[in-house]
């Protein structure tokens, strides 16, 4: 399609074609002897040549002889040199003067119809050069310099004659002799048909010979100055011009130099058709080819696109002044400045049309077609059997070559550079993608109007897709996804101009260590999401892009490179530029991460490199639920229902986990699977990891550095949750994950792996972790108590079960049954207490008497468990951690409290730990069931001596020390078994030092203690002062129950001096001197001291003597007022009474009187005869 109307397959453009052709034409025409300008110039109006009137075709020249037609070679070469290097001037005519003057050749500037215009518009030094004048007049566009219609018409005839004369072919054959021999297609063209020039224009990109290239360039410029000169164009597009109303096609009716507008109009019609579902006007196939052909031919020199040249002439001077014309450089420069504020609107519009044509046919871009020619052929991206409309599309070229790059194939750097430019171009202007216009027109008008520059429209649509501004149709969403794949911004963030500009500052600070354009820049940005370095605008743009990248694993180039083999092997994926309608978004990545966390036993695992990439992606995407396609798709309704107010970072997933039991089945499965995955690799929780970084560095760096986590890191964080360095965010995050774990035992990876077989065997159909823990721990306890030969729970499960039990004691919320039962009590009594560190549990214990029945029962059960296994008492273990290391390093977990109690009064004991031990002793003494050692030791004694109390007792409620008080009394009577006696002695000794360890005393004497012994009770260290105060003030005590308790104390102290700390302290030296040989217990040392007191030869310590005398008085008083506890006590009281003779006399007299009455009055019953008895 150049000179002679043959449409060819491959066309290229070059630089400034309009001028050299005329020089060559002049050289050819100068061969005539004394004739006018010659055939190509026609007899213009004027003299000497018999010119035709304007608008008429010039008459045919007579046939020249062969000799005339072919001058000698030297003359030909001279003429060619003259024509090619004379800047277009015609050689002097041989003979008479031509039109417009005499001698020196015919001059266009001297023609009457153009003289005035040339003088006004063109510089004087160009007047003698026909080509310079033609170029000058041809490029005039300003209204004030408008060319007259007569001159326009003259120029039209002049150019038409130039471009239609077959004799140009002979010049071409001489000027391009060596080129023609190299280009086989052109050498085979028939002679005399005028096809030669057309062929050379077709192959202009391959012409290396300077003179030939200049000749063809000039010829092309003349042709492109008017669409009617493009042979065949008018025939192919005549109907379309009329249909689209693109202007007149009749000669002379319109300014010939505005005919570039006609081509521009047709181009707009072509691109508009592609952007409409049902176009009203369709451009014919022949005209489409012709339009794209013209665009291809003008691709190397923007002068050849007449409409764009005139529209952008000023902008070229402004932005691309130093850009040399040729090879499409000016086009590219203007494209790069398209969205500059100072770019004129008409130029921007012309550039957009040009870009849309490139999108339809990549050959319209000279640089792209040239740079990628070999690569396209190498990777079969222009297969002949594909529809041309498809293979020519820019998107197809980009996808095909990108696929090669992603497969690791070598694509030339020049081609990759061009691809980068055009990918950026597509991302920058949505209007260049017909699919976006077609599918997203409504969304753009509704949501994104006025945002047409620098990629902002596409990001606006992305924002809508993310659900931040409304809903987006599926067709539009698919079109966006396709465009993202075509442009592939994941491979180079610079392709996305909106992202590039928004994130420039972040990249300069946070990612400056990564090479510009590296795919890992996006990964770096994701790692800094929601950090101080991230800026809000960058955050939005990044998440908008990541939304689409997350839905197609191929859009992450690093992931694709490392995992394509695994994906093909395990997930049956297609090639990079192939898609499967059957595979939902994110399906391949879901497949990859399922295999990433398989064990060696499960087989079919990912390669190490791929696994690392999958983990990287998981860590990044966990920051936003919208980056998980399956999660967002299945949980959209639940997110709206439960989590509409959770808008802060990471809250949506936490919210879904909190409402796990309320979610729809599909959503629950997705959230459950993700949570299960997190339990194995908590680093997926990127926000939590970021918050916990200081703790990880200080306490968990060993496990954090492991490539395979397997739950170790979370376990470490839980263990160090209450370190001083722990910040609030990390603690809250760790606790939240613990709470989520309680919903399903699968969410605790180590527990699941250690116990899954045991759970299936012993606890089938149990899902909640707390229930599984209870089930397994109950089984373990039963096996232990029954001394089973073999435990039903495996050793590895028992070990992990212990870890889980200990973790659950730290926060009441980790024990859901207890938490639910005590919610109202927590609100009433512990509202100011923070969760964690078992503080709420401790608060409930302290307020146990005020708790609701259900909560009280649960707390009692908890205390019973803790006393049986003190290691489960979180507060005790925490407060006494160092003391346990010091005093009980080898103690069994179940004897831990017993060991601490034995060392409680050591000088090295920490006061806080001592206080905590006392608290636990107080609790134990409220009920024998809370003291496992006592319970076991007194197993036979309790039912024997305290049966009445047991019958009245209720399960899950304290006996307030009644059983222990009962055993104390029997201890005083020396009637307990030796094991039980040992335990009761310890209790009596401890309670004698601290009144709080005697619940019955505290219960019945609270008023007396407050009134009579307030100062002693307020002492920080209890050493028996309160008990001594009560004993001293026994006579002042009015309450019978309290008096009874004090008397019981006196009775107990009589049994053994060790249970009377005040007396024991006072008499310690005397015991050592006088009673050292006496075995302690059963009142033996007390009797020794009493004997020493009566022995006048023994001198006791004054304090000891005084205390002993006080005790004797108290015992004497106690004996008088204390009620008999049985017949033996009654007999003892009678025998020790001063009036025993009187009492015995009264008793004897009463018996005698009763006997006498019987003798005197006879029998009371009726007499019965012997017969009746024997019957």
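Keep in mind that glycine also has a Cβ here, set from the backbone N, Cα and C atoms.
Taking Swiss-Prot as the reference, the stretch among 1121-1141, 1142-1162 described by the feature transmembrane segment is residues 1142-1162. As annotated in Swiss-Prot, region 'Disordered' covers the listed stretch 89-108 rather than the other ranges in 9-28, 89-108. Mean pLDDT for the repeat 'Cys-rich GLG1 2' (146-208) in this predicted model: 74. Counting residue by residue with DSSP, the repeat 'Cys-rich GLG1 16' (1037-1097) contains 43 helix, 0 strand, 18 coil.
In the repeat 'Cys-rich GLG1 6' (410-469), the DSSP tally of helix, strand and coil residues is 43 helix, 0 strand, 17 coil.
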